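Reviewing the structure listed below.
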């Protein structure tokens with residue numbers, strides 16, 4: 001079964017082909033450099049660029065496969081930027097009508113979970129940690145159709161906090177890779193972490209308090225005319241994030257006894273978080289780095305998981 005997938009929920013335009021869980025081809029056009037000058041994604045600009053980039057990708061895919069051989073067309077239906085999602089939907093719907101193929105709209109967040117299983121089989125029950133710029137969730141998967149969000153952020157997403165802290169430290173955008181690189185160079189020197197937040201929900205997150213702690217540290221240094229130690233603040237910020245996620249995962253593993261644990265989402269590319277994750281369980285699934293950010297292959301993999309049992 002050959003699945004063609006489209007991902008356009010945010011600022012990446014991505015096409016992919018998957019044949020029975022074997023990746024055939026993927027191409028993603030990112031808009032990061034364009035949005036960097038604005039300090040974040042501008043929805044209207046993102047939509048316009050999706051229209052332009054999809055035209056390029058359509059020409060590319062025609063050179064990869066006889067499109068009549070496609071069995072299923074999948075696209076990201078939700079969540080995401082409304083305009084960006086609509087561009088992907090229109091293209092998917094048009095191709096489905098032209099080729100007379102089945103079409104399925106899928107959830108972007110579910111796709112991230114299955115990004116760790118591209119070319120692999122899922123082991124249920126699985127405990128997934130989704131960490132990205134827009135979402136932070138703990139999800140327990142008992143099967144492809146039986147899953148429950150057992151915890152989620154009550155305020156900022158973890159990737160969002162990385163961007164805000166990086167901006168306050170004048171590091172640039174996106175903040176995650178920049179802070180992670182500082183951590184790699186300094187974590188043996190700076191081992192402390194900030195206060196770990198507490199939430200009413202046992203498995204919920206609250207990242208805004210960590211962000212506020214960092215901002216207060218910076219503002220206090222500035223008010224005293226002290227030099228801001230960017231390396232120390234960035235490193236101890238990441239130490240805090242890693243410890244916070246680790247505490248939640250350890251508690252959830254003890255309570256639910258999953259057969260495997262899964263890390264997914266854009267922040268899953270973070271070196272420190274990946275290293276921590278491997279220490280938690282004997283069966284650990286992480287996406288390859290090319291599949292950590294938004295991509296169509298994860299949507300194709302989700303479609304394969306859903307559709308192969310319902311054919």
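Note that Cβ sites are derived from N, Cα and C of the backbone, with glycine treated the same way.
Not measured: the values here are computed from a predicted model.
Among the candidates 145, 146, 163, the one that Swiss-Prot lists alongside 130, 131, 132, 133, 134, 176, 180, 270 as binding substrate is 163. Cα of residue 270 (substrate binding site) to Cα of residue 108 (Fe cation binding site): a span of 20 Å. Cβ environment of residue 112 (Fe cation binding site): 130, 132, 264, 265, 298 lie under 8 Å away, each six or more residues apart in the same chain. The Cβ of residue 176 (substrate binding site) has 159, 162, 163, 166, 266, 267, 269, 270 as same-chain neighbours under 8 Å, each 6 or more residues away in sequence.
The DSSP secondary structure for residue 108 (Fe cation binding site) is helix. In this structure, the CA atom of residue 108 (Fe cation binding site) is 11 Å away from the CA atom of residue 134 (substrate binding site). If you measure from the Cα atom of residue 294 (Fe cation binding site) to that of residue 134 (substrate binding site), you get 12 Å.
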